[in-house]
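In Swiss-Prot this protein carries:
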BINDING   Cys546, Cys549, Cys570, Cys573  Zn(2+) 1 binding site
BINDING   Cys562, Cys565, Cys590, Cys593  Zn(2+) 2 binding site
COILED    210-534  coiled coil
DOMAIN    37-169  domain 'RUN'
ZN_FING   540-598  zinc finger
Amino acid sequence: MATKDPTAVERANLLNMAKLSIKGLIESALSFGRTLDSDYPPLQQFFVVMEHCLKHGLKVRKSFLSYNKTIWGPLELVEKLYPEAEEIGASVRDLPGLKTPLGRARAWLRLALMQKKMADYLRCLIIQRDLLSEFYEYHALMMEEEGAVIVGLLVGLNVIDANLCVKGEDLDSQVGVIDFSMYLKNEEDIGNKERNVQIAAILDQKNYVEELNRQLNSTVSSLHSRVDSLEKSNTKLIEELAIAKNNIIKLQEENHQLRSENKLILMKTQQHLEVTKVDVETELQTYKHSRQGLDEMYNEARRQLRDESQLRQDVENELAVQVSMKHEIELAMKLLEKDIHEKQDTLIGLRQQLEEVKAINIEMYQKLQGSEDGLKEKNEIIARLEEKTNKITAAMRQLEQRLQQAEKAQMEAEDEDEKYLQECLSKSDSLQKQISQKEKQLVQLETDLKIEKEWRQTLQEDLQKEKDALSHLRNETQQIISLKKEFLNLQDENQQLKKIYHEQEQALQELGNKLSESKLKIEDIKEANKALQGLVWLKDKEATHCKLCEKEFSLSKRKHHCRNCGEIFCNACSDNELPLPSSPKPVRVCDSCHALLIQRCSSNLP
């Protein structure tokens, strides 16, 4: 018989132990049906077996004080090969209770199992055999095919959910000893397994009832909280409605106040307009009276000019008669020429004054064109005055033409006037008197023109005052327009508030309907909870006959639990599936519970 390699036998033993521990851990975890913690015995034995597998063939490292043989070195190498493992390494180093490398390695294995990536991490490590040769001997388990087989078996552990507390455990001082009694089967173990199965069934029933109660309590509490929140929102909406109604009342009062103020402002403006109209009419009447006085003065001036023209004609006739008195007439004519030159100067001054009057009238006409309809009569009066002034200028031009004709006649009659000089001397005195009278009349005309200028200045001041009053009235009208705009804005806001009020009333009605529906649902849930609290999960041993058809159970007629009432029925009487509050997936329900649940669902539907 050839002797076997002891290292190969060790690898085979460790591989078989790893298979048994992984298989037993998966089967026990699936039958246990809950997340595993650190006190679970199969899980503890799994970590012990993995520790032995990783320690097999590990090289011894020398230090100053002692020899060091630990698995933390190759596990720490995983961070460089697999970047996602950096988080585990950092968290292991940050743990406060770990002092030895072995404790860090044990914590690393537990964290890798919780992340369900232990197989991935160790696969990356096995592939890099040149790096592993620094830590392991050539005949080590991690360097041979058995290591790859163990890594493949570790993939099955991804089915398990584990919640391990690493901080509180003393991982440095634990002794890793494999308990072989867990993997050896006896008759007592078989009896214990049956007991464990019964205990597990009882625990499942208990957990099922507890979950039912917990879910029902949570639904009831959530519905209570919803009812409270809806009541609070209802009270808030009622308060907001009251506030909105108060705001609407205030806005209506402000609206009435603004309307009354608007009416008062309109009354005041109308009164002010009437007063201004009366003032304008009185001023126009005074203006008309003053214009009538001016017309009379202009008529008197025309009469005087006519008299002068007649006197000129008489003088011409007398000059024609008095040709013999030429020498005396020459002296008189020189005097007359001087007087004529003076009169021409005065006429030029009068022309300038008339031009000034024209310019003033034009300016007044342009200013009066910018005023409103109430000042049209003044513009017509000014137009009449301009026509009168034009007539006066035309008459003055005619007088100038006549004077020129008289001068020509005088030049022609110089030869004939020598005969009548003596007679003219006697009449020259009378002419001088007439000239002095005319000079007095000219002085009176100048004073009249000054009075007219002053009167025009007063008219301009009155017009300026009227313009100021018009601008003031325009400002008041603009204020009234702005008040109207504000009033319209307030009306729009009032309409918007009314819309919000109606929308809030509709929302309150909808909330009331929803509250009534939720109250009905709460009552249904309370009734269901009361009915479920009285139900008990019936044991298999207690039931020998079906509750509905009362047929005896046998090998062919199996027992089935109803997940709603907990009673036991045959397959024919419980061949129904419905989703329950305890489980979202459809579960087995008896015929009576099926009919009751369908009736309840149909009644809850709108």
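Placement of Cβ uses the backbone N, Cα and C atoms for every residue, glycine included.
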Looking at the binding-site residues Cys549, Cys573, which sits with the largest number of other Cβ atoms within 10 Å of its Cβ?
-> Cys573
To test your reading of the Zn(2+) 1 site: which residues beyond Cys546, Cys549, Cys570, Cys573, same chain only, put their Cβ within 8 Å of the Cβ centroid of those residues?
-> Lys547, Leu548, Glu550, Lys551, Lys557, Phe569, Asn571, Ala572, Ser574
The number of other Cβ atoms within 10 Å of the Cβ of Cys565 (Zn(2+) 2 binding site), counted over all protein chains shown, is 21
Can you name the residues of this chain that are 6 or more positions from Cys570 (Zn(2+) 1 binding site) yet have a C-beta less than 8 Å from its C-beta?
-> Cys546, Leu548, Cys549, Lys551, Phe553, Lys557, Arg558, Lys559, His560
Quick one: pull the CA-CA distance for Cys590 (Zn(2+) 2 binding site) versus Cys573 (Zn(2+) 1 binding site), whole Å only.
-> 6
List the same-chain residues at least 6 positions away in sequence whose Cβ sits under 8 Å from the Cβ of Cys593 (Zn(2+) 2 binding site), in sequence order, or say none.
-> Cys562, Asn564, Cys565, Asn576
Which residue, of the binding-site residues Cys546, Cys562, Cys590, has its CB surrounded by the fewest other CB atoms within 10 A?
-> Cys546
Counting only residues outside Cys562, Cys565, Cys590, Cys593 in the same chain, those with C-beta within 8 angstroms of the Zn(2+) 2 site's C-beta centroid are Arg563, Asn564, Gly566, Glu567, Phe569, Ser574, Val589, Asp591, Ser592, His594
